[in-house]
Each structure stands twice: as C-alpha cells, then as structure tokens.
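**Q** These came from TrEMBL, pasted as-is:
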TRANSMEM  12-32  transmembrane segment
TRANSMEM  240-259  transmembrane segment
TRANSMEM  266-286  transmembrane segment
TRANSMEM  292-312  transmembrane segment
TRANSMEM  324-344  transmembrane segment
TRANSMEM  356-375  transmembrane segment
TRANSMEM  396-422  transmembrane segment
TRANSMEM  622-641  transmembrane segment
TRANSMEM  648-666  transmembrane segment
TRANSMEM  672-693  transmembrane segment
TRANSMEM  700-721  transmembrane segment
TRANSMEM  727-745  transmembrane segment
REGION    756-779  region 'Disordered'
COMPBIAS  756-768  compositional bias 'Low complexity'
COMPBIAS  770-779  compositional bias 'Basic and acidic residues'
Amino acid sequence: MKQRSAGTQAYLGAWLWGLVLLGCAGLLAWQLSTGARWDTRIVNLLPDLPQTDLVMRAEKRMAEGVEDDFLMLVQGPQPRELAEDLRSRLLDQDILRPSENTSGSRPDKALTGYRYQLLADSLATTDKEVWLERALFRLFSPGLDNDLRNDPFGLQDAWIQQQLGTHLRLDGDFPVVRETGERWLLISGRLTASAYDMALQASLGEVLEGFQADHPEARILRAGLVFHAAAGAKQARQEISTIGIGSLLGLLVMLWCVFRDALTLASLMLPVACGLLVALPISWLIFGSLNLLTLAFGASLIGIAVDYALHLQSARHLAPEQPLARLWSALLLGLISSLAAYLVQLATPFPGLRQMATFAALGLTGAWLTVRLWLPMIPVRQHPATRRIANQLARLRVPAGAHLPWLALGAVALLAILVILFRLQVSDDLRQLNPSPPELIAEQQRVQQLLQRPGARHYLIVTADTDDALLTRLEQLDTALTALSDESHLDQFRHLAQAVPSAERQHQSVERIRFMHDTALPQLAERAGLPADALSSSIEPHPQPFTLTDWFATPLGAADQLLWLAASGADADAGPASLVLLGEADGVGSHALHALSQAEDVHYHDRVAQLGQVLGDIRDSIALWLGIAIAGLALVFSWRYGTSVWRVLLPPVGAILVSLAVLALNDTGLTLFHLLGLLLVLGIGLDAGIFSVEHAEQPASWLGISLSCASSLLAFGLLSFSATPALAHLGMTSLVGLGTTWLLVPFARVGRLPPTSSAISESSTSIPGKDPHGKAQPQ
C-alpha cells in the first residue's frame, strides 16, 4: 500500500512539474512573439556609479554622443571619388543620417556673416606685417579663393582652419588629413539607429564589403561604437559555433563512451534543457531584458546541473539493486551548496552579477527538480564498458597508511600559500570588459591619432550662470590647459570656447580687425599694385554675437554638441554646463587637472579610474562573500559530518588555493572574472566532496565525480580559448580549478583499496525503475 502511495505521489509530482515547464514554455513563446529585448551592452552589467547629478548629466550626454557616432577615414588613388561613393552608399542604405555635412555644403557659408567676430589665435597676437604677408600670399597663390573686398586677409579661412587643426584641411566638404604624403578623407556623421541594432550592423557590413569589392585599392580606417558592437556580436557567434559546439560534441562523445546508451545520453541532457527553459523566461520577466553575456555565462553555470543526472544515472547503471533514496540527501546538499556559492552574488551592487546569479539559481533548481521527478522514470540499459571504467576509477585513492602522498600534498599546499601571499596581485584593468579584437582597437587608436581628437576617458565639467559666463570661464581655463599642452603634460583638449568666443572676446576681435583694416589695407594695395578702391575698409560685424546655437547649426559645429550640457527639465535651474574633453595626461598633468577642479565651478571626472575602482570594490566584495560562504558551509557540514568535514572541503578549498597560486606564478592579476570562476570551482568541488563522504565506497560515486569534473572542464575550460578577456579568465580558472578538484578527490576517499571483484558486481542485472516485467516504476 505504501509503495502504491509513493508511486502515485511520484507520478503526481512528475505531472505537476510537467505543467510548470509547459507554463514556462508558454511564457517564453509569448515573450519572443512580443519582442523581448536582448541587451549586448557590457556596460549595462556594471553597477550604478556613485555620481552627482552633474556627472550623471555629463555621462548621459557622453553616452548619447558616443553611441551613434560614426567616423571613417578613406585613402586611395582618388580619395575624393572614393569618399563620395562610400558616403552615398551609406546614405542610400539608410545607415548615415542626412545632414549638412553629408550633403556637400561647405562650412564657411554659415559663418560668413560672423567673420569679423571670429578671429583665429594666429592673427590675434601677430603684428601688421604678418597680416600683410598673409594677404599677399593669398592674393598671388593660384587655387585660393580670395575675396579682396570682403575678406582680403582670409580671416574666415584662418578661423575655420583653427577649428580643423593644423593637421586637417578641407577638400570641398570633406576634411582631409595628411600623413607621410597620404591623404585621408574623413566621413563622419550620426547613425540612423542604435549602434547595437543588429540589422544596422549587418547593413553596414554589407556596404563595406561591397565597397571594398568594387574598390580593392581603397583603404579604410574605422572608429565608432558600432564597429566594436558588430565585432563583439560576430565574435560571440564564432565562439558559439566553435567553443560551444566543440564543448557539446566533446561532452556527448565522452558520455557515449561511458554509457553506450542513447536514452541515457538524452536523459543526461534533459535536466540542462529544462533548467534553461525555467531560467530564461522567468529571468526575462524579472529583469525586463537579458544581457547576452548573462545567457552565455548562466547557461554554462546550468551545465553544473548535468552533475546531478550523472550521479543518478551512474548509480542506476552500477548499483541497480540499491534504492535511489540514498542519493537524494547528497544531491540536495549539492544543490544547496551550489546555490549558496552563486546567490552570494545577489548581495553585490553589480546588476550583471545579480542577473547571472538569478539565472543560474533558477536553472539549477529547475534542473535538479527534473532529475528528482523525471529521471527515475526513464529506464536505463547497462553496458559492460560502464563497469570497466568504474572499476578502474574505483582504485584511484590514497591507500591507508601511505605517507608520501600526504607529504607531497602538504608541500604543494604550503608552496601555494607562500606563492599567494608573496606574488598574487590584483587587476582592475577595464580591457577585460572589452571584447573587441586588438586589430579593431588599434584601428580606432590610429584614427584618433590622425585626427588628434581627445578621447572620452576623462574630462572637466565647467558650470556658470549664463552661456556667456560659461564661455568666459572656459577661456580662462584655456590658458592653464594650453600651458600643460605646451609642456607635453597633456596631449590635447577640446572645449566650446575654442569655437565660440565670449561676447567680450568677439568685441575685441572686431576692434582688432578694424584697426588692421585701417592701417594695413592701404599698404596692401600699394604692395600689390592695386587701385585703392579695389579693397574695402568698411567693417560691418553681425549685429548679434556668435552663439553656441549658431555654431551647433553649422556642419563643423554639429560634433561639438557632445560638449554642451544645456539646462532643461528638472535641471532647468541648474544653469548651463560644458565638458572639456582631455587627452592623455602624465603625472604632472593629472595633478594639475585635479588642482583646477578645486574651484567651485570646475569638476574633474575620470571615467576609467572610477570604473576600475568599482570593479575592485566588487572583486573585494565577492572575495569576502566567497570566504563567508566557505566558512558557513564548513559549519553546516561539521554538524552533519563531524570530524570528516575536511574530506568535503579538501577538493574545493585545495582547488581554490592551487588556482590562485597558478595565477600568481603567471603574473596574472586576480580579476573579478577569476573570482567568478572560483565560485564555479567551489560549487563543483563541494559536490565532489559531498559524494566522496556520503558514498565513499561506491564506485558509482567516483564515476559520477569524474564525469562531473570532465564535463565541467569541457563546458568551462574551453572558455580559456575565448578572445573575450573576461571569459578567458573564467575559463582558465575553471581549467586549473576543476582539474585540481579531480586530483584531490582520491585524498578525500582515504581507505582500504577495494578488490576489483567486489567493486562492482558483474551479476547485477536488475534495473531500478523497472518491475520484473520491464515496466518503468517511480522511485
């Protein structure tokens, strides 16, 4: 009667679990049909940084400007024709937004009315003779468009050239940069969609491939987030098809060699599939969107779930006469320990870790319930190869009374501790978050070098009460920044006052130009042999000052909108603010920049340093929680196992020590992602330790542990070949840690070597889960 009641409960549980999975499948189908969002931005996995409202405004502005920014340099035998062809293709495919600077208009047309208010620095501080020489040179140089009456000194051209820089010239509406005799034409603009839009990435790739096919002589240099996003997506697809499929095939081959049964093989994959089916829609529901890195990492973590199926099916193949109830306590402890190792990530301020932890916890739970409720009902077929392999593995243990292995283990442990104490360093290098290939990074750096543009790594934020007061303050800062640049302490910098002078500076420019016209024009006419009426000495400045709005409306000024933090909405009372983008600075330059930020209206922000600090804090937090998890689990296991608790902890703790020592010997700084790998090692190592104690004399236990370590090595160790630094760090840690876990299990299984004949009874032919007539029974 009891057996019938237990069977009814088992069938009821299996049906209920099937209904839950059916609900998850329906939820997932609805999410996919309604366009559930994928997120490919690694930065969205980072925590919200402690920032002031002003810095938040600046970061938002930077993100808006950088995300759809687009730059390409084109070089070839006929660069202008090549640039026009490429730009027209980008416009035709709706990749680049049509704007004034992509429609053939010259920037000087919008600035003509303000030419007397915009005086280049090269003319503002020079004497009359320099002005005369410039005018004469322009007058007698073929190819120069010289307006004798309106602009005899070429004031407008001088000011435009100052905005372009000494390294750039205009070829029609294309800025041109020269390097060692080569002319590179610049194509720039804004994308029509997000840089992460996969359809836009595909269209852009097709345009570039078609252009290169039609113009094999052309060379292109690319810069912009869209190229890095496309490269990351391409790399992810390649690694899924190589590392992912390679790992899966290796796992299937290994399991087939051990069990030689297709149904058993399918039953081992079933918990992983069910775990994903549970984790994916519920995580999507909780977070609204899922990062692809979460899916890749979380799906790999659920790969641990195959361990539960391996232990269960190994026992059913090798010890069919024993009830399955003896396994559930060990499997449950394995689940709890794994959940404890991963759920500590929920205590961190790292959204990415919380998302990964939630995904993994849901997946592990779903996989475990599948093993518990469904797998006992699936019949298995024994194969002699399984027994032979288990027999050989069962003999791998440290014999009782053997001292040399323990001395060697102690020496390795002592050496590992010493190496960790004296050589282990940490690293918070943000390059570990950058999945872009090195050649693309080098290409972007080349573009920045050619264009001499400061990056977005660090900047100053300047505030004021009015727009004109802001421009005046920027002009004051320009003096200090120029001094740093002249002394090679600061590469370069860019601010709005370099393009839009303050009203006072514009008034001074008008007076300077008026003076030069009155004193230099007569001499110019005399030296050039021109009649006096050929040159006009009247100065008619624009009735209104040249403003930021005027500048942003020009082709050249569109890019500078990134620097402008207009007060609006909730910040309407905050007043205007502006960014000063900074190039690389040495120690003296960094100290000077911090000194400038001591003023109440100047703020210095180093994005890379702050993100590095945050990564370091998270790394320290995870290390702390990892230690707390080990200590807490040690107390729990002490209550259950007493003096044998060291056997449970030896595989995971020993593997962690060896992994850290290997990192130290390789001079690889400990990163956040190494610690994530150690969490994985802890979870699998605890499973191995638990089964080594719970079922020390069972060959099925050692077979399950070996297969668990091997399958996890295939799932995670191959990640060490990933081109993404973060995944490579995770993979290398897993490779060393899981290999060490397997090597340490024989020490946890100390005891008398069992005779081969008794290791596994060859006469055991009954199969759990079947009655004498071969029908499946719940267990």
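Every residue gets a Cβ built from N, Cα and C, even glycine.
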**Q** So which residues does the transmembrane segment (266-286) touch in its own chain, when a touch means Cβ under 8 Å and the partner is 6 or more beyond its ends?
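**A** Same-chain contacts beyond the ends: 20-21, 24-25, 27-28, 31, 36, 255, 294-295, 298-299, 302-303, 305-306, 308-310, 313, 355, 358-360, 362-371, 374-375, 378, 380.
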**Q** Pairs 6 or more apart in sequence, C-beta under 8 angstroms, 3 or more of them: is that satisfied by the transmembrane segment (324-344) and the transmembrane segment (240-259)?
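**A** Contact absent: fewer than 3 Cβ pairs fall under 8 Å.
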**Q** Please identify the stretch among 396-422, 648-666, 700-721 with the greatest number of Cβ pairs below 8 Å relative to the transmembrane segment (240-259).
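**A** Stretch with the highest Cβ contact count: 700-721.
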**Q** Counting only residues 6 or more past its boundaries, what in the same chain has a CB within less than 8 Å of a CB in the transmembrane segment (12-32)?
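**A** Contacts with the transmembrane segment (12-32): 274, 277-278, 280-282, 284-285, 366, 369-370, 373-374, 377, 778.
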